[in-house]
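Just below is one structure, and these are the notes that go with it.
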């Protein structure tokens with residue numbers, strides 16, 4: 001039975017995975033394990049060189065130069081140690097991805113649209129990594145600056161398992177864990193690898209079964225079946241789409257998470273099943289952190305929401321910090337009008353839930369209930 005071709009993201013990454021990326025990830029695993037066994041002290045630099053070579057191979061010299069330029073500019077601006085200036089630099093670099101003339105120039109570098117989109121997706125995610133490094137640099141004192149050198153930034157930016165699609169690991173966690181030297185247990189690593197591969201293969205089979213049998217996205221792209229469906233059927237379709245989204249990211253983030261484990265790093269948690277969630281706020285904090293949408297929201301929670309006061313600030317402060325979080329999420333994803341509507345509705349949902357909790361926590365209301 002033919003598969004549903006309308007889920008672009010799944011088809012796109014599976015095609016690239018089968019083509020080159022899976023082989024490059026296997027190469028990273030080999031380099032990582034050899035360097036851990038033979039030259040543990042130089043493992044970050046071995047992986048950095050490998051990541052640069054993989055980037056050059058897939059994106060070409062011009063794509064490699066764009067990412068290196070972004071890293072160099074971000075590092076230079078970070079030397080001023082001003083968070084606001086770092087954010088301004090990050091937004092400007094991100095905005096260059098949407099300048100029509102620049103887009104057309106980059107398209108001419110490649111033979112196919114898929115190759116151009118790989119550059120676009122990679123640079124978008126690298127912008128987050130550059131921003132993470134720069135903000136951590138701004139927040140640390142002079143005694144810690146030596147651990148935030150440009151070579152360490154390159155090791156972080158060109159770390160290959162998270163290179164094209166995430167997930168995001170902030171720079172402090174990456175550098176701290178990468179510097180930690182531990183005895184390598186070949187037997188333990190082999191066990192982790194085998195169990196991880198079996199899990200990912202199971203999730204991949206389940207996702208392929210869903211996309212071959214359920215045609216969720218094809219139904220959503222046609223108004224006629226949706227107009228004729230009952231409310232119960234529409235609810236079932238919505239749940240099915242969210243569940244497929246969940247299974248899809250168990251695969252797309254399960255592969256890099258397994259490689260992070262093999263490198264001796266602690267990967268970000270994989271998503272919880274959305275069917276177990278009842279709180280809108282909890283869903284944003286736990287479920288979506290490992291999704292592509294919350295690759296960015298995990299980032300904004302640490303670098304926007306918390307620095308702006310978050311839930312610890314006044315009501316207006318919480319409204320403002322939450323709005324900034326969703327505004328950046330919408331802009332990073334492309335800034336189209338439907339994304340702003342999506343961000344506004346999610347912001348409203350979080351605010352309503354938090355507002356209700358605050359009202360119910362008032363002693364007078366508790367006495368009445």
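Any Cβ shown, glycine's included, is placed from N, Cα and C.
Where the annotation comes from TrEMBL, it is an automatic prediction and has not been curated.
What TrEMBL lists as transmembrane segment is 20-39, 46-69, 75-95, 116-135, 150-169, 190-211, 231-252, 286-305, 311-332.
Outside the transmembrane segment (20-39), and at least 6 residues removed from its termini, the chain residues within Cβ reach (under 8 Å) are 13, 46-47, 50-51, 54, 57-58, 160-161, 164, 184, 189, 255-256, 259, 262-264. Counting residues 6+ beyond its ends, the transmembrane segment (311-332) has Cβ neighbours under 8 Å at 91, 94, 124, 127-128, 293, 296-297, 300-301, 304-305, 339-340, 342-344, 346-347, 350-351, 354, 358 in the same chain. Same-chain residues lying 6+ beyond the ends of the transmembrane segment (46-69) with a Cβ under 8 Å from its Cβ atoms: 20-21, 24, 27-28, 31-32, 35, 39, 106, 109-110, 115, 118-119, 122-123, 126, 151, 154-155, 157-160, 163, 263. Within the chain carrying the transmembrane segment (116-135), a Cβ under 8 angstroms from the stretch's Cβ atoms is held by residues 12, 16, 55, 58-59, 63, 66-67, 70-71, 74-75, 77-78, 83, 86-87, 89-90, 93-94, 97, 106-107, 109-110, 148, 153, 156-157, 162-166, 168, 170-171, 295-296, 299, 303, 332, all 6 or more beyond its ends.
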